[in-house]
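A quick write-up on the structure given underneath.
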Amino acid sequence: MSKTEEPASGPPSKDRPEARAAWLRAELNRYAHEYYVLDQPSVPDVEYDRLYRELEALETEHPELKTPDSPTLRVGGAVLPEFAAVRHVIPMLSIRTETDTTANGARAFDASVRRELGLDDTDPPVEYAAELKFDGLAINLRYERGYLVQAATRGDGTTGEDVTQNIRTIRQIPLGLSPVDGHVPDVLEVRGEVYMRRDDFEKLNARQRERGDKTFVNPRNTAAGAVRQLDPKMAAERPLSFFAYGLGEVAGWKGMPGTHSSMLDVLQAFGFPVSNERAAVAGGEGLVRFHEAIRAKRDSLPFDIDGVVYKVNSLALQRELGFRSREPRWAVAHKYPAQEALTTVESIDVQVGRTGAITPVARLVPVFVGGVTVTNATLHNEDEVRRKDVRVGDTVIVRRAGDVIPEVVSVVLDRRPLDDVPGSDLFNPQQQPKYPPFELPKTCPVCGSHVVREEGEAVARCSGGLFCSAQRKEAIRHFAGRRMMDIEGLGERYIDNLVELDYVHGIADLYKLTLEDFLEMKRRADERDGVTPETVSAGKIATKWAENLLEGIQASKTPPLARFLFALGIRHVGESTAKTLADWLGSLAMIRRAPAPLLLALPDVGATVAEAIADFFAEPKNQQALDALLEAGVAPQGEHAPNAKLREKLEPAELYATLGVPKLTATRAKQLAVAAPTLAQLASVEPDQLAGLPADVTASLLEWLASHDHRAQLAKLDALRGELLAAMPAEAAEEGVLDGKTVVLTGTLPNLTRDEAKAMLEAAGAKVSGSVSKKTDYVVAGEDAGSKLAKAEELNVKVLDEAGMLALLKKPAGDQA
């Protein structure tokens, strides 16, 4: 499954179908990866279903937007590499899921089936098999001559994972079939759901607590995780159950039943557990009655479900109806609304995530909902809190969304605590809410750094990335990475121990560590984890690992400036942007003082990125952390004078256009430069000097200049502009052969590594990009080039092999023919 990056701004609007479809694909693929591969879904099923249906409708309306990686062509998630792959003889297709669970939804499905079968009002009702939609992990069990020979997960619907050894530990699943009428099929694939009963889940968590181990979140994820344990002994410790509900490949079954219901009866006779909560019903009204009956008893069931499934009962009619795309026409799943309950908000706090995201959280009077006791519920972000107007003291509806993530759905306003307005009529007092609306804190509750929220983003973030303890582990992991400071040997386990055992409070502390610190840390970590290394048992202390680690830390003290900037973890600053900063501004001293308008003058730096960089360096705690690194001996290499090409970007007209003055376009900025030829003159410009500008632009500019902060920003920009002009050489350096060109690398080159090729291209002035577009000048393709090569050919982008790239690099500047 492809990995996608989180969008830098909100989703594209629906009036931009191509961009909207691309965004939907990226979101759905990310959610599917979390759900099927990581077993850590971040959104409820209802959100995935909503986005999926939107993409499906969009691709129906615009067939040209469907791409090979579209989730509408898939059934589930990717196969984990630890298990052998199993190709399903008959694909394990998913059933269409409807969120319209009213009577109209069931009737609409019945009407669709009748229409497909060509039935009219005079024909009898269609018979359906109605059953439960279990909340577990789908499994295919293969029996040959009556014996279990293989068990596989759904995987992506075509290829699953071989989990036979783990499935054999589930006592409900027969290892051999019981003959029916003295017969078992030659080949029988039975499909069903592995799940965990609620009481078994509670007992398992009780055992975990007794052992002092981490408890599990919910039965579904616990069951899925158990099936995918590499050690079958660990899987055997989890109390798993199974229900059969369908068939895969079948061969040599004498007297195979003619209906789905009778097929389940025979599976039960073969020895498979089949849920008793099922029925054969007539027509849409029968489906509605079944749906309502199960809804009424849902909470009393011994296991979790998230809906019901309707299937045309006749197997012959199923074959006649067939499939549409990835789903059968003869079946549909109807979900129930997520379970909800009323409770009271005791307080609203904010949590700081490992990447600095600030999330409001409602602390609740404990309430039992969705099978668990909920004490906290996410409020998502500042906009959501304001939209719902959630306040302390409110009675709220809490939903265990997707049966996983508790959230506040809405406020019961008529129960909001009120106070009398002071001084109002004694006999007819006016009232006002007792508690004020929620306000996001201006500073991080963990470290005190400023909280910033980028324009167009819903999430606010702590700006103290180098300082904030909530972000400390993530900041160090990034800082030490191979493409950043490349600290050899400093892996995740050591970072966790250094932070958790209080050896490292800031990144600079890495460079103060001693051999004794590492050895003591290892000893304390082993004691905490109950581990006794063999060397300790033998009366020895291993030191080589610590010596190597210290050498790796010391060796990282002189990184190239661009890599050092990348290592700081500035939001939106990747390798390419870090290189741009280093190449154009030349020194850390210049970069850490550059305001957003100056940064906007650099190539490929947009408003969002410029603001993120400026915000990072504007945070005093980040500056302190940076100074601490320099004092610890870190010395970025390759600093130089500012790039002379920046001179034209520093013209007043160019800078005026980057100030962010409303209505001051690039054209108006040039007019303004005539009236105010220098930044100092702009700071004190008089209205009569702006007669050449439209009245609305003049008014907007004067309002902007009335701000003390804006005038201070202008003075800072003017001073730094003067320093840059004084420091830069009189003429630009000689251009490289690929100066200003965009190149994409794809596939495996015969002699050069990807990093080596990238370095050579960048040395020649090229920008190395990760994706092919109309702006790409060259694609350098090696073996197994894949989709990027296909995209280049589609866009008529020139394609080079390694030899062609090397030949191009030898040409004189300006000659790329």
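Note: Cβ is positioned from N, Cα and C throughout, glycine not excepted.
As given in Swiss-Prot:
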ACT_SITE  Lys133  active site, N6-AMP-lysine intermediate
BINDING   Asp45, Val46, Glu47, Tyr48, Asp49, Ser94, Ile95, Glu131, Arg154, Glu193, Lys311, Lys335  NAD(+) binding site
BINDING   Cys444, Cys447, Cys462, Cys468  Zn(2+) binding site
DOMAIN    733-817  domain 'BRCT'
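Sequence features annotated in Swiss-Prot and their locations in the structure.
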residue : record                                  : Cβ contacts under 8 Å, 6 or more apart
Lys133  : active site, N6-AMP-lysine intermediate : Ile305, Asp306, Gly307, Val308, Val309, Ala333, His334, Lys335
Lys311  : NAD(+) binding site                     : Tyr128, Ala129, Ala130, Glu131, His260, Gln318, Trp330, Ala331
Cys444  : Zn(2+) binding site                     : Val352, Gly356, Ile358, His450, Val451, Cys462, Ser463, Gly464, Cys468, Ala470
Cys447  : Zn(2+) binding site                     : Cys462, Gly464, Phe467, Cys468, Ser469, Ala470, Lys621
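Secondary structure counts, DSSP: the domain 'BRCT' (733-817) has 26 helix, 17 strand, 42 coil. Look at the Cβ of each of the binding-site residues Ile95, Cys462, Cys468 and count the other Cβ atoms within 10 Å; the largest number goes with Cys462. The Zn(2+) site is set by Cys444, Cys447, Cys462, Cys468; from the centre of their CB atoms, other residues of the chain with a CB within 8 Å are Val352, Gly356, Thr443, Pro445, Val446, Gly448, Ser449, Ser463, Gly464, Phe467, Ser469, Ala470, Gln471, Lys621. All protein chains considered, the CB of Asp49 (NAD(+) binding site) has 17 other CB atoms within 10 Å. Counting other CB atoms no more than 10 Å from each candidate's CB, the binding-site residues Asp45, Glu47 peak at Asp45. Note on the domain 'BRCT' (733-817): mean pLDDT across this stretch is 85. Its Cβ taken as reference, Arg154 (NAD(+) binding site) is surrounded by 24 other Cβ atoms within 10 Å in the chains shown. Cys462 (Zn(2+) binding site) carries a strand DSSP state (E or B).
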